[in-house]
């Protein structure tokens, strides 16, 4: 693959975007479409009646905060990397990973809260949808955590610095996207509940 | 089967040298070269087309000859033929389901887009390879895996999925509903998940490559229409396949975890199921949000190939290049807002039905623009009837005759009578099935010289074309009558109905025609594999075509062009330009080199062009100094 990229560099590129970064954006589009489909399914199904009403777990407020903080830490790491501040980069990345894991734990407790409310995965679709939204988002977030950990490890090999930002940029884009996706889902649930 | 053909490739390529020697595995199996991946898609697609076609012959035998003794099929079908020599009715349902799934997804999506997007995008836009060769390889192998799983499901004791290719719940969601909803359905869903992942990876790659890796001068307004079509196909796939994934995910939860997204108030054997609150129509909405764009995923590449083949072999510029692009864009956008015309009789609000009817009928406009442009391109052209050209004209014919019936079916009122009858079957097999299939075959005939460095036999191609063309009409034309008479599709047998008896001979006719058409495809297969080794050696540009792929060596190696990638100076359709010496001017010929044929506005562009060329020379010089 290295070889192919060398070829590519010789060509005058009409749009100056790293192909892999562009591909990442397209991948984000597919995730958007999955959740657009699920949330529209939610609305369509809700409008047909026979819809169980229950309280959203209040822990969602905390997890939303956690995911925002995590994004901020990653952004801090990103800026540090731009200035070749390795310690700042590692701190930012490490804290972003930790808060990401804290978010996942929080989401797990939201399920516990739902079960306490007698809202189960199996039952009225109203509850099942909530499990699917949070679960599918968590699956994506786990992949994001893995991505961040990989980048974190590569910082110890000095592979991420101001001259080599591509991987970190992609990780940052993906992570911010996942945070925004959660906020969208939470807003959506608040408004359509 | 793939190992056999892979081994054969090896023999065919042995005699010439490559710059770098890959071993057998990296070159033919886990290849990251877009041309090899395209060939892998093509051969796999052909394998699936044979299976899909053969399944249709099996159920056509049942429909055309309901009294027939099918004992001779027992070695193949085993228990699916009962003691009296009759086809098992549940297996009949499995046959139509698998025929649809295989043809729509494995042949006309993966086989068509996978082959030609992979093969032509880098070659026609002037790129060394796809944006990510690794992801491209992964895309093929996920498709392969998906195919293996689907293939295994054919041999299950309970049979493969049998709920129709649309797998509507509750039929597909409840294992106790029909045998095919058991393990067969599970494998169907698993296979489709891999297929979706494969399509998305392919699509992301196609879009990235088209946007980021075009050669110098290759602006969007100079792109061949093939690339426009592949690009927009990938965009459609990128937006619609995730929705199918969402639909399938909820279906998996309903099947295996007991949720009720699609299930509500169902009684089986007098016993109520616990599921409550679900909506089967919800599945239909989600499914058709993919399902309708899928029609265009299948069709647009074929239309793109046709544009290229017709322009080249009419020796005329394509009529209305911009109009073609705009109608492609129009079809792309509209394809997302018409899905509910598949659901007119599903109990949807009739007001919504009217809206979707209106939107559906609007699609007739860009489609008609395309047809008009094909015909006007052909009009008074110096037509050269290569097999590819014949198949492209065949596509236009099917697109017209099948498209007309779409106008009827798009009407929510008329659809009440015609819904789920053979009229629908006839409609989509002509406009989408056969048209796309013809586009694919045209593409194979046209780009075979570039793929294998040899020509396919034209005479066999003509025989193949006429048998297939006439055969397809003989199969699908009578189906319109059967459909208007009220025959529902997916029924095992109609002989119990008085009104249906008078059409038995027509069904028999259709079945015989289907067998002839299917057999004719073996001529193509023979031609394909024979020409691969023994065909006449191709020249560099056998069709005297303008696009970039014909400037590569006869058998392009890895990286496609041995030296620099050529720059592009003009659109790809300068055929028979007044004043020009030859009847074609390749895209790589600068305007400044053809003052005799330039139009006034092109003469202006020459100045700009000279500046670009000067820049280019500087780059070349600097490259050379840096290399030495």
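Residue numbers in this text run from 1 along the chain shown.
Just so you know, glycine gets a Cβ as well, placed from its N, Cα and C.
Annotation source TrEMBL lists domain 'Cytochrome oxidase subunit I profile' at B:24-569. If you look up TrEMBL, you'll see B:41-63, B:91-116, B:137-156, B:187-213, B:225-253, B:286-306, B:318-339, B:351-372, B:384-409, B:421-448, B:460-488, B:508-530 marked as transmembrane segment.
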With an 8 Å cut-off on Cβ pairs and a sequence gap of 6 or more, do the transmembrane segment (B:137-156) and the transmembrane segment (B:421-448) reach 3 or more such pairs?
no
Any chance the transmembrane segment (B:91-116) and the transmembrane segment (B:384-409) are in contact, meaning at least three CB pairs closer than 8 A with a sequence separation of 6+?
no
Do at least three C-beta pairs under 8 angstroms join the transmembrane segment (B:187-213) to the transmembrane segment (B:225-253), pairs 6 or more apart in sequence?
yes
When you look at the transmembrane segment (B:225-253) alongside the transmembrane segment (B:318-339), do they share 3+ Cβ pairs under 8 Å, ignoring any pair fewer than 6 residues apart in sequence?
yes
Interface-richest range of B:225-253, B:351-372, B:421-448, B:460-488 toward the transmembrane segment (B:41-63), CB pairs under 8 Å:
B:421-448
Which listed range (B:384-409, B:421-448, B:460-488) shows the maximal number of Cβ pairs under 8 Å with respect to the transmembrane segment (B:351-372)?
B:384-409
Check the transmembrane segment (B:460-488) against each of B:225-253, B:286-306, B:384-409, B:421-448 and return whichever range has the most CB pairs under 8 Å.
B:421-448
Mean of the pLDDT scores, which run from 0 to 100, over the domain 'Cytochrome oxidase subunit I profile' (B:24-569):
94
